[in-house]
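Notes to accompany the following structure.
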Amino acid sequence: MSDSHLTAFDKASKAGFIIALGIVYGDIGTSPLYTMQSLVENQGGVNQVSESFILGSISLIIWTLTLITTIKYVLIALKADNHHEGGIFSLFTLVRKMSPWLIIPAMIGGATLLSDGALTPAVTVTSAIEGLKAVPGLSHIYQNQTNVIITTLVILIVLFGIQRFGTGFIGKIFGPVMFIWFSFLGVSGFFNTLGHLEIFKAINPYYALHLLFSPENHRGIFILGSIFLATTGAEALYSDLGHVGRGNIYVSWPFVKMCIVLSYCGQAAWILANKHSGIELNPFFASVPSQLRGYLVSLATLAAIIASQALISGSFTLVSEAMRLKIFPLFRVTYPGANLGQLYIPVINWILFAVTSCTVLAFRTSAHMEAAYGLAITITMLMTTILLKYYLIKKGTRPILAHLAMAFFALVEFIFFLASAIKFMHGGYAVVILALAIVFVMFIWHAGTRIVFKYVKSLNLNDYKEQIKQLRDDVCFNLYQTNVVYLSNRMQDYMIDRSILYSILDKRPKRARVYWFVNVQVTDEPYTAKYKVDMMGTDYMVRVNLYLGFRMPQTVPRYLRTIVQDLMESGRLPKQEQEYTITPGRDVGDFRFVLIEERVSNARQLSNFERFIMQTKASIKHVTASPMRWFGLQYSEVTLEVVPLILSDVLKLPIKELVPVEDSEA
């Protein structure tokens, strides 16, 4: 990789700064909408809080943002980029060779990130719309929570509905809008603190520790469940590394953190000034002059939509990476935008919409949603910490230092997990159930793939070259196709699945001019597109290894078209002149792709557990994208052949011939 690429990745720019604000910080930047509200309501309301409680709460928020977001994610995790890409699956690909069990934290972390993220649009949009209760002229309408729910659902329907068309056209405004949003947070927060400058004493961690053990804190350690809301977007910050570059995050985070902290301090100052006023509005909106609240709600709604959009796009990317790592079922992926990074997965989009909408309908208020929010993301952070420890060791950090550093973060995050565990009974169970369902699907898919690798027998292609040559030249068989292409998941050296040779020679002898054996390998580099060809000393058998990055589409016909042209131009593959064609000078014949589907046989090698895995995987396949769609074969000639999973052992069942009576008497 060239130094210029590394420099560009680590370099900051004005444009990159603005783009980072719109892509990276949506989740963490909208936390001020509901974090202080959650703290105050769980304490019993504005009139129940004391100065020490407020100082302690702000101190806890500041040091949570510092320890988890700044130190762990910005200063440590951002260095763990996989060819400029971040996120838990990118981190996993960096360390997976160090231990086979690391697939477990990767799957758990990915599942919890997806499940908890489904709550983000519900919480942020609902919190923003509830701000209308503080707007003169509209408050009487939105005091009725049903109107809040209806407005929220309309916004969500539009947001999820436009995903299929791509979001590039609105993505251009994300950065400027979020710059205005953060600037407003900082400026309004600063002006609110002018009357209570003592709030800045919260920078001292003494107030944070004092509150945890103070009798004024009605919830004890469980207050950290609300504090954690301030940093739930830290994992998304790491996941979006590839979109904006490390340098732009390094430069933009201090600005974002300053604005967020000022917003929290401003809300805290307003609470101290109005704790006897009896006002029950969200401190975020109540701390702003009433004549500005309408504009603030509009801005907050835009910020909430941007945060939700970042979550949706991140979910598509996360699922896409999991599919290419073979730990998630294949779903149809489309690219509505001009670049590969802008993808759309219809099934995931509408599942997210259903979960988000059900969350709004079931919990109704943002306060109830906050009670369930953040539980699963603590698990994601713990899983990231485990993987980071291995990454630090791989990069040469002394093991004792790596263990100590990650043990510290694991302890902090485990305390947050325990504090958030109370949320399980207040709706967090829904998120946990969703996460467990995703982990179950991932496990079934991964385990099923391993079982296939364990049992399917392989044969050496070289041993069958002569038979294939004779079949090619045998005019007694009609020409099946000019080019026959087999896609194989398992092709090492010249060993190939027995089922493929069985298809060519036994099931129905397939006479062709050229036989192609294509293996697609997903690389750790996100945007690789390379190939390797072996003609096997012939001009009729071609082994192709396609090396595609885990973020590249696996549209095999496109790549194969380029490979054929390269081979013909180099003289390694004879031209295939067509007698009948509407394209003058066409020298490439027709292609047929043969896909082989392995189904569970009744062979005794499979244990009951393995049979359960394979049968469950087969059931899941009914709702997933077919290999034909996944490999971009919709417009190609395709034949699907079904073979039993185990071909290596045909069981002989005992059976006796019935002897006619007259024969036995004779």
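Along the chain as shown, residues are numbered 1 onward.
Each residue, glycine too, has its Cβ placed from N, Cα and C.
Annotated in Swiss-Prot:
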TRANSMEM  16-36  transmembrane segment
TRANSMEM  58-78  transmembrane segment
TRANSMEM  100-120  transmembrane segment
TRANSMEM  141-161  transmembrane segment
TRANSMEM  165-185  transmembrane segment
TRANSMEM  221-241  transmembrane segment
TRANSMEM  253-273  transmembrane segment
TRANSMEM  299-319  transmembrane segment
TRANSMEM  343-363  transmembrane segment
TRANSMEM  373-393  transmembrane segment
TRANSMEM  399-419  transmembrane segment
TRANSMEM  424-444  transmembrane segment
Chain residues outside the transmembrane segment (100-120) and at least six past its termini with a C-beta under 8 angstroms from it: 27, 88-89, 91-92, 232, 235-236, 239, 307-308, 311, 314-315, 318-319, 322, 327, 352, 355-356, 359, 369, 372-377, 379-380, 382-384, 386-387, 390, 431-432, 434-436, 438-439, 442-443, 446
Long-range environment of the transmembrane segment (373-393) - Cβ separation under 8 angstroms, sequence gap at least 6: 68, 72, 76-77, 80, 88, 91-92, 94-95, 98-99, 102, 105-106, 108-109, 112-113, 115-117, 119, 123, 225, 228-229, 232, 234-235, 238, 399, 401-403, 405-406, 409-410, 413-414, 416-417, 420-421, 423-424, 428, 431-432, 435
Whether the transmembrane segment (253-273) meets the transmembrane segment (399-419): three or more C-beta pairs under 8 angstroms: no
Long-range neighbours of the transmembrane segment (141-161), counting only residues six or more past its ends (CB under 8 A): 121-122, 125-126, 129-130, 132-133, 135, 301, 305, 308-309, 312, 349-350, 352-353, 356-357, 360-361, 364-365
Recorded stretch, among 16-36, 299-319, 343-363, 424-444, maximising Cβ pairs under 8 Å relative to the transmembrane segment (221-241): 16-36
Residues of the parent chain within Cβ reach of the transmembrane segment (424-444), under 8 Å, 6 or more residues beyond its termini: 107-108, 110-112, 114-116, 118-119, 322, 327-329, 355, 359, 362-363, 368-369, 371-372, 375-376, 379, 613, 616-617, 620
